4 protein chains.
Amino acid sequence: MSERVVLAYSGGLDTSVGIGWLKDATGKEVVALAVDVGQGGEDMEDIRQRALACGAVDAVVVDAKEEFANDYLMPALKANASYQKQYPLVSGLSRPLIAKYLAVTAHELGADSVAHGCTGKGNDQVRFEAAIAALAPELTSIAPVRDLALTRDKAIVYAQEHNLPIEQSKKNPYSIDKNVWGRTLETGFLEDPWNPPIEDLYEYTQNPADVQPADEIIITFERGVPVAIDGKAQSPLEIVQNLNALAGKHGIGRIDIIEDRLVGIKSREIYETPAATTLIVAHEALENLTLERDLNRYKRKVEADWANLVYDGLWFSALKRSLDVFIDDTQRHVSGDIRLTLQGGRAVVTGQRSTESLYDFDLATYDTGDTFDQSLSKGFIELWSLPSRISARRDAQQKHVAGK
Amino acid sequence: MSERVVLAYSGGLDTSVGIGWLKDATGKEVVALAVDVGQGGEDMEDIRQRALACGAVDAVVVDAKEEFANDYLMPALKANASYQKQYPLVSGLSRPLIAKYLAVTAHELGADSVAHGCTGKGNDQVRFEAAIAALAPELTSIAPVRDLALTRDKAIVYAQEHNLPIEQSKKNPYSIDKNVWGRTLETGFLEDPWNPPIEDLYEYTQNPADVQPADEIIITFERGVPVAIDGKAQSPLEIVQNLNALAGKHGIGRIDIIEDRLVGIKSREIYETPAATTLIVAHEALENLTLERDLNRYKRKVEADWANLVYDGLWFSALKRSLDVFIDDTQRHVSGDIRLTLQGGRAVVTGQRSTESLYDFDLATYDTGDTFDQSLSKGFIELWSLPSRISARRDAQQKHVAGK
Amino acid sequence: MSERVVLAYSGGLDTSVGIGWLKDATGKEVVALAVDVGQGGEDMEDIRQRALACGAVDAVVVDAKEEFANDYLMPALKANASYQKQYPLVSGLSRPLIAKYLAVTAHELGADSVAHGCTGKGNDQVRFEAAIAALAPELTSIAPVRDLALTRDKAIVYAQEHNLPIEQSKKNPYSIDKNVWGRTLETGFLEDPWNPPIEDLYEYTQNPADVQPADEIIITFERGVPVAIDGKAQSPLEIVQNLNALAGKHGIGRIDIIEDRLVGIKSREIYETPAATTLIVAHEALENLTLERDLNRYKRKVEADWANLVYDGLWFSALKRSLDVFIDDTQRHVSGDIRLTLQGGRAVVTGQRSTESLYDFDLATYDTGDTFDQSLSKGFIELWSLPSRISARRDAQQKHVAGK
Amino acid sequence: MSERVVLAYSGGLDTSVGIGWLKDATGKEVVALAVDVGQGGEDMEDIRQRALACGAVDAVVVDAKEEFANDYLMPALKANASYQKQYPLVSGLSRPLIAKYLAVTAHELGADSVAHGCTGKGNDQVRFEAAIAALAPELTSIAPVRDLALTRDKAIVYAQEHNLPIEQSKKNPYSIDKNVWGRTLETGFLEDPWNPPIEDLYEYTQNPADVQPADEIIITFERGVPVAIDGKAQSPLEIVQNLNALAGKHGIGRIDIIEDRLVGIKSREIYETPAATTLIVAHEALENLTLERDLNRYKRKVEADWANLVYDGLWFSALKRSLDVFIDDTQRHVSGDIRLTLQGGRAVVTGQRSTESLYDFDLATYDTGDTFDQSLSKGFIELWSLPSRISARRDAQQKHVAGK
């Protein structure tokens with residue numbers, strides 16, 4: 001049997017040409033793997049057939065949407081994961097899952113290597129290969145676009161010469177990645193950061209300036225995970241899909257950011273994440289209601305570290321795993337209802353309630369019934385500020401000694 | 001000469017009654033100090049006259065608006081200070097400045113103590129007294145409402161009995177603090193976190209659902225500080241005032257949050273911070289363009305610590321001072337223009353440019369002219385993921401040994 | 001039935017007098033609780049009888065040594081807990097355990113309050129009362145020394161007048177706390193930080209300058225917990241006790257530190273922690289061998305936070321619990337042998353081995369057989385330093401533009 | 001004029017052969033640069049002559065000892081820099097300074113590239129090249145050993161064939177780097193982490209088991225920098241040199257550690273850092289006396305980040321610079337005297353005094369004269385533990401509702 005390589009296959013030009021290109025360059029049989037993470041678009045069976053038509057010795061389709069929602073998006077939500085405070089890690093979440101299936105498929109079908117269609121200047125190459133290194137260190141990773149010099153121009157020529165069944169166009173100016181957590185986009189004219197985005201870029205969201213009648217929803221969480229909308233129980237995947245539609249209608253979750261890539265450069269990125277943005281807003285509000293102050297403050301800093309780690313491709317690292325255990329533990333009381341108004345690009349929390357609430361009306365109120373003993377504060381403040389007081393005395397003495 | 005106490009005087013019921021109350025309880029002469037931090041409303045001279053009419057031996061007015069903007073708001077902006085990721089620290093910023101003038105006035109007028117009108121269950125008492133401890137450790141702090149049991153009901157009776165020249169009403173249900181950085185509000189019906197806020201609460205902002213024609217502005221920063229709007233040079237104070245009007249018109253900067261107070265309880269707070277919210281959005285975007293990745297990531301975590309410190313009343317602490325020095329140093333390249341669209345409750349960045357930009361078109365572009373050497377990535381990824389690879393091998397060996 | 005209070009009873013003067021003092025001041029029956037955390041000294045039954053003789057309505061003795069070792073010391077060891085990088089938290093670990101038995105005993109014997117003998121300027125009052133607040137928020141905490149003004153002089157007079165069966169001496173100049181994790185000491189002449197400690201202060205350790213023949217030991221860990229010395233399986237408690245003797249003989253674990261107390265002051269503290277110091281040295285070495293770099297670096301910072309939290313009395317807080325879950329997870333591979341030489345005040349690691357080791361000879365060696373592909377480094381370094389390179393170019397351009 | 005490369009020249013086999021090897025491989029003229037950072041050993045002029053004899057077109061010697069002590073070691077001391085809590089960054093500190101002189105020399109002598117003798121699996125290659133990238137991004141870095149496959153065996157043959165004036169030996173089993181801050185060593189038999197080090201390895205330190213009569217010294221610091229020993233003013237370099245002799249005599253500063261290299265592998269390293277270890281012990285003690293609690297705690301975490309950054313070769317990065325500014329600001333009160341006893345491998349602080357001390361005898365003492373108002377503690381503890389109390393009530397209610 002020949003050696004084999006499993007290629008992460010999208011159905012597009014680059015990876016379709018990649019099948020033959022890999023075979024030519026390495027002599028290996030190419031197995032195509034298409035993973036459904038909710039990217040929508042074409043039928044997965046059509047994609048599978050195309051892979052075979054392009055020369056794959058085998059083609060495998062995996063529906064990983066539920067797994068993606070349960071095991072990748074929900075941990076990200078618990079972590080309120082937002083790279084640079086804004087970006088919910090769309091591609092950073094799908095890459096490790098696809099890499100997992102690359103490793104599984106390589107193992108099942110006897111391949112000694114895996115391949116992906118990423119370029120050499122993005123984050124996704126790192127995410128794929130770091131995940132493979134952690135899951136199946138014996139596998140070799142190949143990146144035809146980067147390692148075998150498969151440029152777009154060469155791909156078009158190759159496809160034409162080999163009559164590959166793919167539309168060939170130099171025109172589409174957008175570099176796009178999609179999954180159920182969001183849509184990412186880079187494009188030429190936005191490479192000047194002074195140029196504003198145009199309405200034509202967006203697909204998951206309508207223009208927030210075209211204001212629709214407001215929608216009010218109640219999201220119910222149990223231990224950090226959304227379980228129902230307006231009282232109707234739904235799976236995480238269903239909730240994400242439904243919120244994409246609803247929040248997308250109101251133009252929620254558009255992001256336009258100068259981003260620090262792991263490979264050391266800055267890039268301009270456009271994202272659309274209607275469900276992710278809405279869920280994170282709601283989840284944070286519920287945490288503010290149910291987490292103790294010190295834990296809440298600490299977790300916010302861990303969240304930034306978690307987002308950096310995952311952005312940087314270290315999903316399967318030991319640190320990421322231990323941070324997950326920490327974050328999971330923090331969620332034991334994060335249960336309750338958050339009411340939001342969706343409109344005009346904004347998901348606004350208007351109510352929060354929980355049997356796990358740490359908000360204590362009797363302590364908080366300024367009305368009759370207040371149980372807070374204000375006389376305690378004097379002692380608290382005295383000791384709280386004692387280090388400042390002592391050092392102020394030191395400084396005053398210093399000045400005195402110095403004759404100032 | 002009698003002993004003296006300097007009271008932070010607002011002109012309202014509590015501190016007006018506080019003048020006599022303090023005198024009765026302590027035997028000290030009361031000096032009233034009113035500090036203008038842009039709270040608007042009454043004429044400061046009217047306030048001064050009222051203090052005298054209420055029995056103050058002396059009454060001092062300080063216009064601290066410029067100082068507040070330059071020395072308190074600008075450092076907060078450089079720190080993108082947002083407690084719990086949202087609240088720009090409105091009261092947390094004015095309290096230390098007022099405390100400074102309490103200390104200065106006490107020194108100038110020979111007082112041995114200072115006083116403020118805060119209750120014993122909020123943050124502001126801590127901010128006042130911790131600031132005094134750090135600035136003038138020899139002064140005693142008195143809080144009539146907390147220490148001398150001056151309740152609102154007693155205040156109304158006292159004012160009536162003594163014919164104090166203040167409107168007396170049990171009706172106003174709002175507890176409000178204002179300055180040029182924003183407006184804070186607590187009120188009875190919001191003490192149930194499930195109740196939504198109502199439009200009547202707001203003063204600095206119009207309803208964002210009443211969408212106005214968009215305004216596009218360009219804010220110019222120099223070393224982290226805004227210096228011009230649409231090319232017109234303005235002082236920090238002018239910029240904050242003008243943005244309050246403009247962004248307020250679009251309903252930008254409304255915040256509704258369950259907040260962790262320093263004294264250990266959670267409370268429901270409403271804020272309006274049109275200028276602060278707009279400036280922080282713009283400033284962060286400019287930092288994303290001009291700060292190196294590691295510094296940007298690190299600073300975001302320091303910012304959370306800075307906001308916690310200031311929220312917790314430690315403005316004049318040694319740690320706060322050293323963090324300021326760090327933050328100031330990070331701003332040396334944070335100069336450039338940010339273009340924003342203001343509309344419908346949102347301040348959206350649509351363009352960013354800077355002679356200090358670290359965005360490198362030649363490295364970022366996917367077009368011809370790309371100078372990024374993609375072959376470098378392979379080595380990078382190998383070493384980046386080497387720890388994961390080694391531990392994966394360890395784990396595989398473990399399983400092998402264990403016969404799993 | 002009268003109301004009851006459970007007093008944490010040591011058998012010494014303060015708490016012996018405290019029994020009657022509490023009864024007189026509160027009218028409550030006093031139950032004495034003595035918890036054995038390995039403090040050594042008197043027989044626990046003698047202590048129990050003394051409590052009864054001093055007027056306790058009941059006296060309870062709990063042998064908590066194993067629980068202390070398993071549930072308090074081992075988590076501290078996993079966290080390498082060292083306040084201010086040095087102090088292994090001796091008293092900070094026993095207080096929450098004693099507080100737990102105060103709450104349990106109060107519940108079992110129908111008490112509505114608990115009491116302890118701490119002063120009002122130390123950390124232990126906070127640790128007791130914060131633990132009670134977290135475990136049994138309905139109980140009231142009383143501190144006779146602090147709240148009821150029971151000074152040492154008054155205690156001696158009271159004991160004499162009431163013929164309490166305790167030795168009465170104003171002479172002992174040392175304030176001491178002991179448990180199996182170490183011994184703490186404060187004393188008058190050390191309150192001048194320029195005075196050196198004297199040999200007379202120490203009890204757990206011999207003078208390290210009197211050098212003994214070296215002892216070499218091998219400590220075996222499983223998942224972060226020591227399980228054997230020199231191949232002989234022992235419980236955590238046995239290991240701690242045996243190392244106290246062995247390392248104590250070599251003068252290991254003496255600490256002399258200016259310490260930042262939670263109540264805002266600095267104090268001079270002497271500690272002796274022979275077993276704790278030795279175990280932490282060994283445990284850290286094993287972690288260096290078995291933890292991935294990023295996890296190791298991150299954990300070191302979490303450790304500092306953990307030590308601060310526990311020092312500050314927040315053992316039973318939500319944040320502490322979630323940090324424990326994190327730390328526990330990090331220990332899954334921390335198994336193996338550490339060889340140490342004990343001599344002259346030093347516990348020195350001389351060998352480390354583990355089936356879980358991440359040290360890879362083939363990658364590390366400079367000898368033949370090296371499997372590290374050095375050519376990968378070039379790409380790694382290029383991307384690692386790319387942000388610095390880009391900003392250096394920016395700065396050069398700036399200077400050029402400015403004509404410098 | 002031919003192109004030129006400046007080679008960091010040590011005088012040893014690798015870099016001596018590197019001169020010709022570089023010329024052959026690149027066609028460039030080779031300029032040798034030897035930087036004196038206190039490594040001792042040969043006369044620098046002898047080294048310079050050898051470089052010329054080996055074919056260098058020019059050879060430059062720089063005495064950078066004072067600069068190294070002032071601008072590299074003192075910042076490290078202020079940061080108490082200790083990688084993995086132990087290693088004072090010996091090589092990590094000299095590499096950026098040598099790189100600076102490579103860049104300076106390249107600029108002065110018209111070279112377009114620089115070179116160093118490091119292998120491709122260590123940290124030093126990163127430190128050299130990252131520093132060059134930050135200081136002179138236009139220069140190319142060449143590593144003959146790594147990039148031009150100059151192995152040790154090839155070097156010996158080359159030296160023999162070309163009659164280079166260097167001793168040629170395959171025997172020396174030690175890989176050594178030295179400077180005035182310490183000495184680093186790797187060697188074959190220690191590549192098994194279970195093997196103990198042997199006495200023969202050490203040069204800066206005598207055997208601590210051969211106990212010498214104790215030396216007592218007083219180190220005086222001003223703003224974090226040592227300025228005198230036993231009252232005798234000395235420069236930082238003199239203090240480091242003198243302490244190397246004195247503390248080295250007592251065997252202080254031996255380190256044996258499994259270290260996480262930046263390139264992703266673990267290695268076994270031996271260090272000797274008598275002066276560094278002694279100074280850090282003293283400096284930390286003085287900080288404990290003079291820094292406010294919150295600042296002290298925060299700085300300890302920044303120190304770990306600083307050490308990681310510098311270890312990782314990012315000396316000239318923007319983050320490092322801003323952290324330096326933070327650390328410098330913290331040192332304004334770190335002045336005073338620390339008395340140490342040096343003996344038997346240990347530098348033990350026995351006294352500390354400072355006009356900047358925050359230790360307040362009147363607050364700390366348990367004797368008459370105590371000014372600490374213990375009644376304040378009750379209020380402090382109540383509010384400090386209020387979040388725990390509230391969540392304990394929540395949890396109790398939960399259990400009640402659940403019928404547990």
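Using the three backbone atoms N, Cα and C, a Cβ is placed for every residue, glycine included.
Marked as ATP binding site by TrEMBL: B:A8, B:Y9, B:S10, B:G11, B:G12, B:L13, B:D14, B:T15, B:S16, B:G117. Under 8 Å, Cβ to Cβ, and six or more positions away along its own chain, B:D14 (ATP binding site) finds B:G117, B:P144, B:V145, B:L150, B:R152, B:A155.
Taking the Cβ of B:Y271 (L-citrulline binding site) as centre and 10 Å as the limit, one finds 26 other Cβ atoms among all the protein chains shown. According to TrEMBL, the feature L-citrulline binding site maps to B:Y87, B:N123, B:R127, B:S175, B:E259, B:Y271.
Taking Cβ-Cβ distances under 8 Å and a sequence gap of 6 or more within the same chain, the neighbours of B:D124 (L-aspartate binding site) are B:S91, B:R95, B:H116, B:C118, B:D177. Per TrEMBL, the feature L-aspartate binding site maps to B:T119, B:N123, B:D124.
Over the domain 'Arginosuccinate synthase-like N-terminal' (B:4-165) the predicted model carries a mean pLDDT of 95. Residues or ranges marked as domain 'Arginosuccinate synthase-like N-terminal' in TrEMBL: B:4-165.
Marked as domain 'Arginosuccinate synthase C-terminal' by TrEMBL: B:174-390.
Proximity to chain A (Cβ-Cβ under 8 A) holds for none of the binding-site residues B:A8, B:D14, B:Y87, B:N123, B:D124. Across the structure, B:G12 (ATP binding site) and B:R127 (L-citrulline binding site) place their CA atoms 20 angstrom apart. Candidate binding-site residues: B:S10, B:S16, B:T119, B:S175. Fewest other C-beta atoms within 10 angstroms, B:S175. When secondary structure is read from DSSP and collapsed to three states, B:G12 (ATP binding site) falls in the coil class. When the Cα atoms are compared, B:N123 (L-citrulline binding site) and B:S16 (ATP binding site) turn out to be 21 Å apart. For B:G12 (ATP binding site), the number of other Cβ atoms no farther than 10 Å from its own Cβ, over all displayed protein chains, is 19.
Between the alpha carbons (Cα) of B:A8 (ATP binding site) and B:Y271 (L-citrulline binding site) lies a span of roughly 23 Å. Summarising the environment of B:R127 (L-citrulline binding site), the number of other Cβ atoms within 10 Å of its Cβ, over all protein chains shown, is 29. Put simply, B:R127 is the one of the binding-site residues B:Y87, B:R127, B:E259, B:Y271 whose Cα lies nearest to the Cα of B:S10 (ATP binding site). Here the C-alpha separation of B:Y271 (L-citrulline binding site) and B:T119 (L-aspartate binding site) works out to 19 Å. Our reading of the L-citrulline binding annotation (B:Y87, B:N123, B:R127, B:S175, B:E259, B:Y271) yields a largest Cα to Cα distance of 19 angstrom. Annotation for B:Y87 (L-citrulline binding site): spatial neighbours B:I255, B:I257, B:E259, B:E269, B:Y271, B:T273, criterion Cβ-Cβ under 8 Å with sequence separation of six or more. Largest Cα-Cα distance over the residues recorded as binding ATP, namely B:A8, B:Y9, B:S10, B:G11, B:G12, B:L13, B:D14, B:T15, B:S16, B:G117, equals 13 Å.
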